[in-house]
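Report on the following structure.
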Amino acid sequence: MPFIEHDPTDMNSFKAYLKQSKRILALCGAGLSASSGLATFRGAGGLWKTHDAMSLATPNAFVKDPSLVWQFYSARRQAAFSAKPNPAHLALAALAVKNSDFITVTQNVDGLSPRAGHPPLQLQPVHGSLSTIKCTSVFCNYIQYDNYDMALTPALAPAPERSSNDAEAAPANIPVSDLPHCPKCTTGLLRPGVVWFGESLPAHVLSEIDEWMEDGPIELCLVIGTTGMVWPAAGYIGQCKEKGARVAIINMEIDDDPMLGGVEYADWLFKGDCAQILPQILEPVIGTMDQVKELLGDTDHFPAPTFQGGPFTETTSKESQGTGYY
Ligand SMILES: [Zn+2]
């Protein structure tokens, strides 16, 4: 039953509801970063046009050809770290600063939300991050967070420094000894701290989201830049609705067919670039973008690197097998 009769594209009814909402969850996908100029995962360009990106994002691909996979991720790191957070990242970061009961669950690995100043305790990266690197040795527990180095080794330097004709060049055949190695055990190869196809989502992230879910009623679920049709997105929307939440979808593509998602469970549908829409619809809480920039500090927030030597927590999880992206 719809909670009020209204036009689902009406911003005013959304704004009125937002103002009285306390516990809010945002679920974010690739569309959040689109206007920052990042190609989507499947649309990786340049050097990688001839490669099936999905076939590179697996543990087997890394074992078989770590040079190729590291060059792919190095290119993705360089693109992500060169991009800038857009107004949508800033608007969500400001909402988090203003409302400590708001959390963002992001499927993005680009690090643009933390760089926008999103409080880390209110940001749950379910697919890991390109700025995390970790040791592949089963005997070692080395993890480094927030590593924004453009080149982890000289061999992985940005392509233009390696070749003046990078768009045409094939990936180089880099010897394993020239790939990033673990500073702790010294023998283990490092890998990107992202969730690959066939891997579990990080258990500690999932349990923190579950704890938040269980903490009380939820008023609002924002589905941003994702179709919301794949796990974990679909599951979280359902859980929020069970806790009483109204749902707003903000995306370039909104399917009008209820069977394909969207209209069926959404109270509001805002079709377009979330970098334009989010600052508008969140304004009753976050203020104008000038006020947002003043609140967050008008600078790029590259967090300082942190290290963790505890046991891996990524090895156990619930019904998440085979759902990894990136
Ligand atoms: Zn190691």
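Just so you know, glycine gets a Cβ as well, placed from its N, Cα and C.
Automatic, uncurated: that is what TrEMBL annotation is.
Annotated features, as they stand in TrEMBL:
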| type | residues | note |
| --- | --- | --- |
| ACT_SITE | H127 | active site, proton acceptor |
| BINDING | C135, C140, C182, C185 | Zn(2+) binding site |
| COMPBIAS | 313-326 | compositional bias 'Polar residues' |
| DOMAIN | 4-298 | domain 'Deacetylase sirtuin-type' |
| REGION | 302-326 | region 'Disordered' |
Nearest-integer angstrom distance between the alpha carbons (Cα) of C140 (Zn(2+) binding site) and H127 (active site, proton acceptor): 21
Of H127, C140, C182, C185, recorded positions neighbouring ligand 1, Cβ under 6 A: C140, C182, C185
Among C135, C140 [binding-site residues], residue with fewest other Cβ within 10 Å: C140
Mean predicted confidence [pLDDT] for the domain 'Deacetylase sirtuin-type' (4-298): 88
C182, C185 as binding-site residues, winner by CB count within 10 A: C182
Distance, H127 (active site, proton acceptor) to C135 (Zn(2+) binding site) (CA atoms, angstrom): 17
Around the Cβ of the residue listed as 'active site, proton acceptor', the count of other Cβ atoms that are within 10 Å: 24
